[in-house]
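Down below is the structure, laid out as structure tokens.
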Amino acid sequence: MPILSLHNMHDKVLILDFGSQVTQLIARRVREAHVYCEIHPNDVSDAFVREFAPKAIILSGSHASTYEDQDLRAPQAVWDLGVPVLGICYGMFAMTVQQGGKVEASAHREFGYAEVRAHGHTRLLDSIEDFRTPEGHGMLKVWMSHGDKVTEMPPGFKLMASTPSCPIAGMADEARGYYAVQFHPEVTHTVQGRALLERFVLEIAGAKPDWIMRDHIEEAVKSIREQVGDEEVILGLSGGVDSSVAAALIHRAIGDQLTCVFVDHGLLRLNEGQMVLDMFEGRLHAKVVHVDASEQFLGHLTGVTDPEAKRKIIGREFVEVFQAEAKTLTNAKWLAQGTIYPDVIESGGAKTKKATTIKSHHNVGGLPETLGLKLLEPLRDLFKDEVRELGVALGLPPEMVYRHPFPGPGLGVRILGEVKREYADLLRRADAIFIEELRGTKATAQDAVAGLCTEDQVGKSWYDLTSQAFAVFLPVKSVGVMGDGRTYDYVVALRAVQTTDFMTAHWAHLPYALLGRVSNRIINEVRGINRVVYDVSGKPPATIEWE
């Protein structure tokens, strides 16, 4: 079912993307206010904008320059609809130019933290401030990222905010509901950013906060039943959050018309295969076909050391194994995938040349055409946090729904260099010990005093306080001593990060006692490993995964 028809019952916000790296964060903030929104390229047609029928429109930032990129404009329908419009950074420039103002290159570029002074009284910034100056001026702590600046506001606009180097850092035409800010309210660095966006969406635009996951189940189930009818569906079940929630939702809708295919490529976490089977066969009573293809995958990975080559091999072999199994299910007419909204956005970005590939993503793209199947993607409108919320509402256990992210190629990209069964077995056990200790260790008041956590985090497990944690197998040996003998065994690295969006991440400051206990257990319980190191790299410059 087209997205527009499924969500016509909700008030919607349209976000037009000019190529910013943080446009997704705008959508997440709007969704967190329980208002449905979608991201679309800035060059959509006027007809699309009118058909979307938004309650409000937000124009994103961009790396581009307004006066150099004349094609980066909002459709005319944006200004003709009569709904509130918020321009952010480049979106402010687009609004300025299209409404008759002027934008020029700034002699002083601003990248990073800044303090913005609010001017006058506007609905958007009324009572929203971080502190006041001795003179009584309301101030906001914000994040700036721009090289141009507005030098002349369009007719009808008034000054809303400024900095010493950016005299027009915010402007408003309140009669038409047009607002623009030079800073980025969507990023966490802008302290009052969430309040600003909620003010715009809920109060100025009057959107109803009715985007609730438990209510979405009923809508999604109805949509799936209408799409599928009495036809059968197959789904590649990986054990990850997305495919698990997709399977649970589809099974809720059509029951035994769904067959899940679980491919074990030999690179799963410890006991992961059995856990998936117990959940979907035992608890949900879903049909699951278990395929052990570990020999095939590991065989094709022999001698391969390049990370990108490993990803492509694992993706190719998954397609072949899944395709062979799918052909035995002759009644299947649909292929279901756990595609989520960031995947959709990034694919669109790639098509418009607004995204750059850092690593190949392991998925089953291409299967629908190869198999002649129709594609069913029930999660394609949802962000990861919404998928987790939906999973809990569907009855999946929290320990499955809130598991840390696991790459599609599995341990294949957590074993540096060549992948061997021996390495995978060692890594599986080391990783399980690390995760077990993280789950079993709670943050203490002493940890809070030491600055390792906040007071409100005391009592939570360190697994829940980290966004992603795992072990990495290093294909090098080091000398050690155990008992009276010399050892010459492998090394594993532990990686744990904390992040809100996975675009940037800080390495997790875990208690030394916890790290020491993990190291001691791995060295004593996993024969073949005699050294454990901890990764203290942030993102950037490092990525979260090592490969």
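Backbone N, Cα and C define each Cβ position, glycine as well.
What Swiss-Prot says about this protein:
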- Cys89: active site, nucleophile (ACT_SITE)
- His184: active site (ACT_SITE)
- Glu186: active site (ACT_SITE)
- Ser238, Gly239, Gly240, Val241, Asp242, Ser243, Ser244: ATP binding site (BINDING)
- 12-210: domain 'Glutamine amidotransferase type-1' (DOMAIN)
- 211-403: domain 'GMPS ATP-PPase' (DOMAIN)
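Everything Swiss-Prot records as a feature, shown here on the structure.
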{"residue": "Cys89", "record": "active site, nucleophile", "Cβ neighbours (10 Å)": "26"}
{"residue": "His184", "record": "active site", "Cβ neighbours (10 Å)": "23"}
{"residue": "Glu186", "record": "active site", "Cβ neighbours (10 Å)": "29"}
{"residue": "Ser238", "record": "ATP binding site", "Cβ neighbours (10 Å)": "24"}
{"residue": "Gly239", "record": "ATP binding site", "Cβ neighbours (10 Å)": "21"}
{"residue": "Gly240", "record": "ATP binding site", "Cβ neighbours (10 Å)": "19"}
{"residue": "Val241", "record": "ATP binding site", "Cβ neighbours (10 Å)": "23"}
{"residue": "Asp242", "record": "ATP binding site", "Cβ neighbours (10 Å)": "20"}
{"residue": "Ser243", "record": "ATP binding site", "Cβ neighbours (10 Å)": "23"}
{"residue": "Ser244", "record": "ATP binding site", "Cβ neighbours (10 Å)": "25"}
Residue from Cys89, Ser238, Gly239, Ser243 whose C-alpha is spatially nearest that of Glu186 (active site), among the recorded positions:
Cys89
List the recorded positions among Cys89, Ser238, Gly239, Gly240, Val241, Ser243 whose C-alpha is within 10 Å of the C-alpha of His184 (active site), in sequence order, or say none.
Cys89
Give the distance between the Cα atoms of Gly239 (ATP binding site) and Cys89 (active site, nucleophile), rounded to the nearest whole Å.
40
Output field, ATP shell: CB within 8 Å of site CB centroid, site Ser238, Gly239, Gly240, Val241, Asp242, Ser243, Ser244 dropped
Leu237, Val245, Ala246, Gly338
Which whole-number value in Å describes the distance between the Cα atoms of Ser238 (ATP binding site) and Cys89 (active site, nucleophile)?
40
Looking only at C-alpha atoms, tell me how far Asp242 (ATP binding site) is from Cys89 (active site, nucleophile), rounded to the nearest Å.
33
